[in-house]
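Here is what Swiss-Prot records for this protein:
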| type | residues | note |
| --- | --- | --- |
| BINDING | 24-28, H79, R113, 164-168, 195-200 | ATP binding site |
| DOMAIN | 21-242 | domain 'Phosphagen kinase C-terminal' |
Amino acid sequence: MNVFEPRLSSWLVNSGDDDDVVLSSRIRLARNLKDERFPIYEQKEAIVDNIAEVFDENFTLFKMNQISVLQKALLVEKHLISPYMMKKSKYGAVLLNEEENVSIMLNEEDHLRIQCMTPGLRLFDALEAALQIDGHVEEKLTYAFDKQFGYLTSCVTNIGTGLRASVMVHLPGLVTTKRIKSVIEAIRSLGFVVRGIYGEGSMPASSIFQVSNQVTLGKTETEIVEDLTQVMEQIIMQERVARTTLKQKFHIALEDRVFRSYGLLMNCRIISMQEAADAISDIRLGVELGFFEHISRQKMNELVLFSQPAFLRKEAGRDMDELEEKVIRAKVIREILGDK
C-alpha cells in the first residue's frame, strides 16, 4: 500500500455533488467495546489486535508505535488520522483501504472510530459506507451500548449515535463579500460547529471551513445527516450568489487578484504555507469562475496537499529549516502548475 507516497486519496480525485463549493464529506462513528474500560493503556494493544482480526486483506494495519513521526504527519495531512492520534495515541493504530476513503482509527479517544470520506456533498453515501462497516464489526464484537443513552463514548458529546458528520467547504465568495461572519453565526445558532481544515482545535484559514453536527443524542443517524445536508445546501447557494456578485460587479478587480496569485505561484522561489494557501484559494476560485480552463480541481487538491510540511519533508528526503521548507514548497508548486 502506497499511503505514504505523494498521491491523492480517491475522495480528492473523483468528482462529487456541488464540488465547486464542497471539497469533501465525512462520516465518523465512535464506538467502544463492551466490558473494556476506555481507554486503558495496558489493554490497548490487545484491543487493536482483536479489532484488526475482524477486517480482511482489503485493509492494511498501521500501528502508531511502528511508523515514523514523518509517516504519522503524512497520515494527518491526508486526513486519515487525527492530530490527536499522531501526538497522544502511543498504542493507537489505523486500518486503511487501498482507495484511502475509509479510515478506521483504533485507540484514539475511543476504541474504534470509523471514518468514511466522499468527494463533494455526498453525506448519505458516506453514511451508508460507515454503517456497513459498523454492522460488520458488530457481527463479531459487542459494543458498549445503553438502551437509554445509546453508544457509550469517552467524550459525552459523542454519546447517542456516536456520529459526527462533517463537510469541508471553500467559501471565498462569502469571505470576500464579508458575509462569512453572519453565515457562521447562523450555522452555530442551528447547533452546528465551524472549524478549520483539520477539525477540532484548528481554525478556519484561506476560506476553507469544516462544518459538522454538535448533537449526537436524541436524533437518528439519518436525521443528523439530513439536517446538515439542508444547512449545507443553503451555504452552497449563498456562496454561489456571492461569487456571481463578485464576477459581475468587481470583475476586473477579482480577475486581477486571481491572476496575481497565479503569477506568484508560477514564479515564486520562496513561499510560506499561509501565503501559498491564500494564493491557492484565489486560484481555486478562478478555476470555478472559468478563468483557468487548463487547471483541474484535482490539480488544485494536489497543490493543497503536496505543499504541506510533511509532504515537503518527504519530497526533500530530510528535515529542513524554515527557509529550506519555503524553497521546496515553491519548487513543488511550480512543478504542479507546469513550470518544470
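Cβ coordinates are placed from backbone N, Cα and C, and glycine is handled just like the others.
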Exercise. Near S24 (ATP binding site), how many other Cβ atoms are within 10 Å of its Cβ?
Worked result: 24
For this session: Identify, among the binding-site residues R113, R195, the residue whose Cβ has the fewest other Cβ atoms within 10 Å in this structure.
Result: R195
Problem set entry | Neighbourhood of I27 (ATP binding site), C-beta criterion under 8 angstroms, separation at least six | Q115, C116, L123, A126, L127, A129, A130, L163, R164, A165, V225
